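Listed in TrEMBL for this protein:
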ACT_SITE  232  active site, proton acceptor
BINDING   36, 37, 38, 39, 40, 41, 124, 180, 296, 325, 327  NAD(+) binding site
BINDING   147, 296, 297  substrate binding site
COMPBIAS  1-11  compositional bias 'Basic and acidic residues'
DOMAIN    32-198  domain 'Glycerol-3-phosphate dehydrogenase NAD-dependent N-terminal'
DOMAIN    221-368  domain 'Glycerol-3-phosphate dehydrogenase NAD-dependent C-terminal'
REGION    1-23  region 'Disordered'
């Protein structure tokens with residue numbers, strides 16, 4: 001990636017394409033609010049707060065909306081975060097930055113912000129957006145770090161699209177091989193920002209997130225980047241099942257390869273604009289690898305397989321994730337709804353089998369039995385003819 005120019009330097013910067021004069025834009029300061037405060041949301045707050053302090057284009061203070069909880073000590077979570085400067089429940093031991101302010105009032109948190117970072121479980125986004133209608137600034141821009149999608153009567157709806165349609169604002173996406181706890185301790189990592197047209201906006205997001213240990217690259221392919229981040233959680237469930245049955249690395253590698261193929265085919269069927277090159281970015285194959293090796297979906301699926309399918313994913317989620325949400329099972333269900341509606345189950349045997357295992361219709365060992373099917377991917381290769 002070419003070096004990103006700081007907002008204070010004019011040379012090499014992309015042209016200003018927002019409303020208003022160039023001079024107004026160059027002197028405008030941006031205020032950031034993070035909507036969500038779980039494990040990944042807290043890490044995002046740390047990354048952003050580090051940069052808003054240093055970069056003159058941004059206000060120092062970063063608001064983080066926190067769904068209020070009462071801790072076992074009786075203390076409110078927001079109070080604990082603001083007192084200790086760390087999320088004691090979801091990211092203990094990591095200082096977020098003294099310019100991060102936890103706010104339990106959603107409307108108050110977003111009131112003055114013109115850069116909104118969405119990072120909540122995907123099933124909560126629609127409800128949050130309903131609460132925000134008419135409550136945000138007219139010049140606000142959004143970015144989604146959320147891996148999931150909504151399925152409506154008319155078909156699948158990406159989270160970035162949901163945010164844009166409900167709030168009337170542009171929404172980029174950030175996805176990548178990003179296990180939050182590793183980034184929290186500043187281990188080297190990469191991410192991909194997907195955008196549509198405005199290069200000035202995407203460069204602002206790149207500046208906001210980039211650090212010496214977290215390298216962010218822009219890609220003009222919102223749907224491709226977002227679907228990579230969404231679908232890899234389904235493949236991670238399959239990888240965890242393989243681990244739980246001690247099938248070995250050869251089997252796991254095969255599952256990951258076939259999963260990547262299904263990710264690519266599904267994405268291109270849904271959106272003909274999706275680029276093949278996107279799957280070679282951090283949001284694609286890299287995120288798939290890291291999630292299948294060490295993510296929460298893999299972890300819970302392994303436990304499910306070791307129980308012989310006798311303990312539910314909901315039970316294991318509550319036991320193993322300390323309040324974090326499992327995305328792969330719900331995403332597998334949403335993907336299956338799309339497949340069954342279009343009669344595509346046999347085209348996507350891995351996706352279909354993950355769903356059927358997760359609801360108890362098939363045993364965990366069925367994850368490798370799907371190979372008896374012979375999907376004809378040439379029917380859909382590189383096209384969106386069935387959409």
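Just so it is clear, glycine is given a Cβ too, placed from its N, Cα and C backbone atoms.
Annotated features taken from TrEMBL, shown on the structure.
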residue	record	CB count, 10 Å
36	NAD(+) binding site	24
38	NAD(+) binding site	21
40	NAD(+) binding site	23
124	NAD(+) binding site	16
147	substrate binding site	28
232	active site, proton acceptor	32
296	NAD(+) binding site	22
297	substrate binding site	27
327	NAD(+) binding site	25
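The subset of binding-site residues (36, 38, 40, 124, 327) lying with their Cα within 10 Å of the Cα of residue 297 (substrate binding site) consists of 327, given in sequence order. For the pair formed by residue 147 (substrate binding site) and residue 327 (NAD(+) binding site), distance between Cα atoms is given as 8 Å, rounded to the nearest Å. Residue 124 (NAD(+) binding site) sits 20 Å from residue 232 (active site, proton acceptor), taking the CA atoms of both as reference points. Helix first, then strand, then coil: DSSP counts for the domain 'Glycerol-3-phosphate dehydrogenase NAD-dependent C-terminal' (221-368) stand at 114 helix, 0 strand, 34 coil. Cα of residue 40 (NAD(+) binding site) to Cα of residue 232 (active site, proton acceptor): a distance of 17 Å. Mean pLDDT for the domain 'Glycerol-3-phosphate dehydrogenase NAD-dependent C-terminal' (221-368) in the predicted structure: 93.
The substrate site is set by 147, 296, 297; from the centre of their CB atoms, other residues of the chain with a CB within 8 Å are 233, 236, 291, 295, 326, 327, 328. In this structure the residues listed as binding NAD(+) are 36, 37, 38, 39, 40, 41, 124, 180, 296, 325, 327; their two most distant Cα atoms lie 20 Å apart.
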